[in-house]
Structures are given as C-alpha cells and as structure tokens.
Amino acid sequence: MSFLWDIMPIDKHLSTVPETEGCQQRIETRICALPDDLLLQILPHVPTKEAVATSILSKQWRYVWLMLPKLEFKDEGSESVGWFIKKSLQLHKAPKLDCLIVELGPHCPIDVDVRKWVENAVNRDVKDLDFTLLWSAAPTSFPKSLYTCDTLVCLTLSNQILVDVSSPASLPSLLDLSLHYVVYKDDGSLVRLLSSSPVLKRLSVHSHEDDNLKTFTVKVSSLESLNYDENWLKDEVEDNEVDEVVDNEVEVDDLNGSLVIDSPALKELHLSEVWDYCLIENMSFLDEAFISNVPYPDEKFLRSLSSVKHLFLLFSKSMVACCNAIKFSWLIEFYFFPISLVDWLMPLMFLLQNSPKLKTPTIDNDFECLSLSWNQPSSIPGCLLSHLETFRWRGYGGREDAKKLLMTYILANSKCLKTVEISLLATCNLEETQKELKSMPRISQSSQLLISTKKLWRINERTYL
C-alpha cells in the first residue's frame, strides 16, 4: 500500500521515526478511515491491479474499487491477465465507466474475448477507450456498437486490431482519434469511421505497409490537428541511406498509395516519413506544419502550406524547384533542415524573400555536406529589413566559404536583429570560429551573439535536439 502512503498527509513526528510495525499500523488505520469520496479520487491514479488489491484492507475497502470511473489493465507477462480483466469487468458495479485502457502483450493467450470487454464499456457510456493488442493473434475486429457509441470522446486503437466499419456509424461526441499500426477491412471502413465523427478535432495515425489501404483519405470538416506517420520504409533502410532514398526521383504512378487531406479547419499538421504521394487541399487556416521526410512533394503540396505561421521543413532536392514560386505571407517561425545532398543556400534565400513577416529562422545542418554555391541576392529580403529578430544556426562549421558568406549577409542586413544563437560543429576549430563570428559586422548594434556547442532549440514551445 506504499502508493497511498506517498500521497497521504503524514504528521511531522511520524515522518521522522522508523517505519516500525506500530507506525505502519497507525498509517494503515488513517488510510482506512478516509471517506469513500476521497478514495474514489485517489484510486484512479494507481494501476487497477493495485486498486483491486485494496479490497483486502477492510470491509469498507472491499467494494470501493468496484465504483472506480477508470480501469487500466496492462499485461506484464502474466498468462492470467485475460482472466483478471474479465473478472474485474464482471464485478465492477459503477453505472458508468468513463475510461477503459487495455494493453495486451505478446504472451497473452489469444483466446480472450476482447470484444466482450469493449461491449461492456460501450454499454456503460464509456468516454475514453484505449486498446493496444500486441499479441500474436490475427487482427481482431471490435463490435459494431463501438462505432455507434454516442458518449465516446477519445478512442485509441493500436496494433493487432481490424478496423471494420461495414455499416453506418455514428460517433457524435468523438474529439480525439488515434489509429496506430492497425489494419483496415477496406478503404470504405476508414471513410465511414471519419465521416461518422462530425466534431472530431484531433487525429493521430501511425500507418504501416500492410494496413490494407490504397488511399488514406482524411476528409473531416471539423479536424484541427493531424499527425500522420508512415515509418515502415525507414525501418528497412539504413540511416546513412535515408537521404538517398528521399532524393530518388520516383514517378507518382510508381508509389504504393496516396495520402489525401481535405480538412479546411486544420490548424496543425505533422507529416513524418510519408513515402506515398501526398495531396493536400483546403487548408487556408493552417497555423503550424511539421514536414519531415516527405520525399515527393510537388508545388501544390508546398503551396498548401503557404498560410502557416510556424513551419518545420526537412528540405529535399525535389523541393528546390518550387521555392521561388510560393509565398509564405504569414510565416513567423521557420525551422529549415536541409538534407546533406542538397545545395540549399539559394533556395533558402528564395524562401526568405517570400516570407516578409519572418521573425525567427533556424538553420539546422548538423553534418558535413556537399559543396554549396552562393550568389548574393539582387535585393535584400523584406524580413531582414523589418521583422527578423532571432537568427539561429545549428551545426555551423565556418569552414565552407559559402556558409560564411550567408552568415555575413544575414548579420549585415538584419536591422531588427536582437539575438543570434549559433551552435558549432564539434569538428570545427572552436576558438577560431568564435573569433571569426564575433568579427563579422552587424547592422543591429544591440544584438546579442550567443555561441555554444549545445544542440537544443525550441520551436513554438517544442524542443528539438
């Protein structure tokens, strides 16, 4: 019962004496004297297995756990976990079950009836349902009643789960949906699931190669946040080959599938390891975009990001041709991560020219890259003249002449500059590089120059190493 001792108010004189048998009995007596209402607030914060164990403390405690609004079961390798969950749900007497979390590991027997557990939760107006099936059984479908649960607010389905929405569905309260490494019966099941959620705000997807979908379509008018990760290819490619994979020229017809996003209310978009063709439409309210390893973007894809205020962009060779054509009229914060095979200096200057309100650009090229070319722009980007306040460069080495010229240009023309944060490559001559940076003229005399070897930046309250 130590988990309860940790949160109980203990008298000062008790906290300074050894835990003798008498002292422990006094503490247990105080715990048992707590009112039921307080116990029902405490027990949801401990594992259900521990909460059930409290029933042996006293007659008062025997039935307390039966009224808990939240049950959480995580398989720790026990073959009896299925029996324990089944009996717990049978004995649980609360009229409503707000939250049910179940995680079954690879050693769990495959004959447990998870469908009945889901049915039990749905029948008791569950609000938060989270199932992770890591067992060796084939993907398991859930009862149809799950997809017509009008109280469900958060739904998380992970791993060996078959999303089968064959009949009309209705999830009028669903706000958060997470689909992680699941399998879909067909494209229609996904479409019906999303279209049945009229107030859905947040969608998180981790897809894999064998999910049985040709096209992943996200058409949700209410959606505000989308996190889509397709990392199956990365697992098959060595780290030193990723850059080459990103920049291989591939025809759209050769791709395995496609990602289609049509969500006009979207404010946050995170795309990572998206190896399929990506089509984005109707995103005029997009505020933040995190684009990492999207190898085949076209101009239409990048143009769909033009309304963002915060942009993280892993910059690939296929993006070079689009830089001069797209205006980022509202961009304030820009994290620019060019891969090693790209001559990126001039594309970056185009992006600066097309981002008149940019305040905080960050360059991250923490690697040795190919030879870069530099041509001084014919006109100074507007953001340098009137908006740019903080300039960051992670992985500055100072050895390449082109990089020195870019750094000199930024410092010499950024009139509103307040802070320059430089993280140096460990391979460079630290003393010489610091001296060189300090000697570069700055038009903003009040600006601070901060130089370190630490590799930590914060973007829109997120930390990136």
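Every residue, even glycine, has its Cβ placed from backbone N, Cα and C.
Not measured: the values here are computed from a predicted model.
Residues annotated as domain 'F-box' in Swiss-Prot, with sequence analysis given as evidence: 28-74.
Taken from Swiss-Prot, the feature repeat 'LRR 1' covers 154-181. Taking Cβ pairs closer than 8 Å, the repeat 'LRR 1' (154-181) reaches residues 127-135, 137-142, 144, 147-148, 188-190, 192-194, 196-208, 211 in its own chain, all 6 or more past its ends.
Annotation source Swiss-Prot lists repeat 'LRR 2' at 182-207. Secondary structure of the repeat 'LRR 2' (182-207) per DSSP, as helix, strand and coil residue counts: 9 helix, 8 strand, 9 coil.
Shown for the repeat 'LRR 3' (210-230): DSSP residue counts in helix, strand and coil, namely 0 helix, 10 strand, 11 coil. Marked as repeat 'LRR 3' by Swiss-Prot: 210-230.
Annotation source Swiss-Prot lists repeat 'LRR 4' at 248-273.
Per Swiss-Prot, the feature repeat 'LRR 5' maps to 339-365. In terms of DSSP helix, strand and coil, the repeat 'LRR 5' (339-365) has 9 helix, 5 strand, 13 coil.
Remark: secondary structure over the domain 'FBD' (373-424) totals 18 helix, 13 strand, 21 coil, with classes taken from DSSP. For 373-424, the entry in Swiss-Prot reads domain 'FBD'.
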Report task. Could you give me the DSSP helix, strand and coil counts for the repeat 'LRR 1' (154-181)? Result -> 0 helix, 14 strand, 14 coil
Query - Mean of pLDDT values spanning the repeat 'LRR 4' (248-273) - result: 77
